[in-house]
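Engineer: What follows is a single structure, and I will ask about it in a moment.
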Amino acid sequence: MMAYLVFLGPPGAGKGTYAKRLQEITGIPHISTGDIFRDIVKKENDELGKKIKEIMERGELVPDELVNEVVKRRLSEKDCERGFILDGYPRTVAQAEFLDGFLKTQNKELTAAVLFEVPEEVVVQRLTARRICPKCGRIYNLISLPPKEDELCDDCKVKLVQREDDKEETVRHRYKVYLEKTQPVIDYYDKKGILKRVDGTIGIDNVIAEVLKIIGWSDK
């Protein structure tokens, strides 16, 4: 079973959660560009990592060519030979074109770009309820994944905090930016005939079932 997937959707759509669950079921690796960047900037003798760290520390956006290089390097690893689930990339049409070109050199092509559709109000409700333990980093959701004790981490018994990113005004702004920035990428995959839309409000098990149907997965 081979599947090369791109996951698209607003912040709070659950892309990372779905990708992790699908990795458990199918063995297809979940490639989160956020995780790759966090890892690469920690490596002291990685020249590419050093460049990216300097740019991020200046508060600037990492240019496409560096992002592309990082993704290409990760997708060239052995575990991606039979598939991947890309989460957080591509964010621009230029990145989408680069990905297509790279896959072509490997005699591969994307199976599908899966768009998880979640209305703004649902995103706001999900993200503003998110809390994090400042000590261990464990993530909770006051609605869907609450701690056992009121606003205290189950493990550390430390009071949970809300990230600035998860405050309502910021969430609404992030949703607006997502719509503006991602629409061209959605249109790009739609024109190619590989865009698959999934209702991101139907619950995790139903969402997973939809994606498995898209890739023709059978565990028989």
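Glycine is no exception: its Cβ is also placed from the backbone N, Cα and C atoms.
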Engineer: Please find, within the list 129-166, 167-204, the residue stretch that Swiss-Prot describes as region 'LID'.
Structural biologist: 129-166
Engineer: Counting other CB atoms within 10 A of each CB, which of the binding-site residues R91, R130, R163 comes out lowest?
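Structural biologist: Across R91, R130, R163, these binding-site residues, the one with fewest Cβ atoms within 10 Å is R163.
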Engineer: Would you kindly list the residues that approach the region 'LID' (129-166) from elsewhere in its chain, counting only those six or more residues past its ends and only Cβ-Cβ distances under 8 Å?
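Structural biologist: Long-range Cβ neighbours of the region 'LID' (129-166): 12, 174.
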Engineer: For R163 (AMP binding site), find which of the binding-site residues G16, R130, C156 come within 10 Å, Cα to Cα.
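Structural biologist: Near R163 (AMP binding site), where near means Cα within 10 Å, the binding-site residues are R130.
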Engineer: Compute the C-alpha separation of C136 (Zn(2+) binding site) from R130 (ATP binding site), stating it in Å without decimals.
Structural biologist: 15
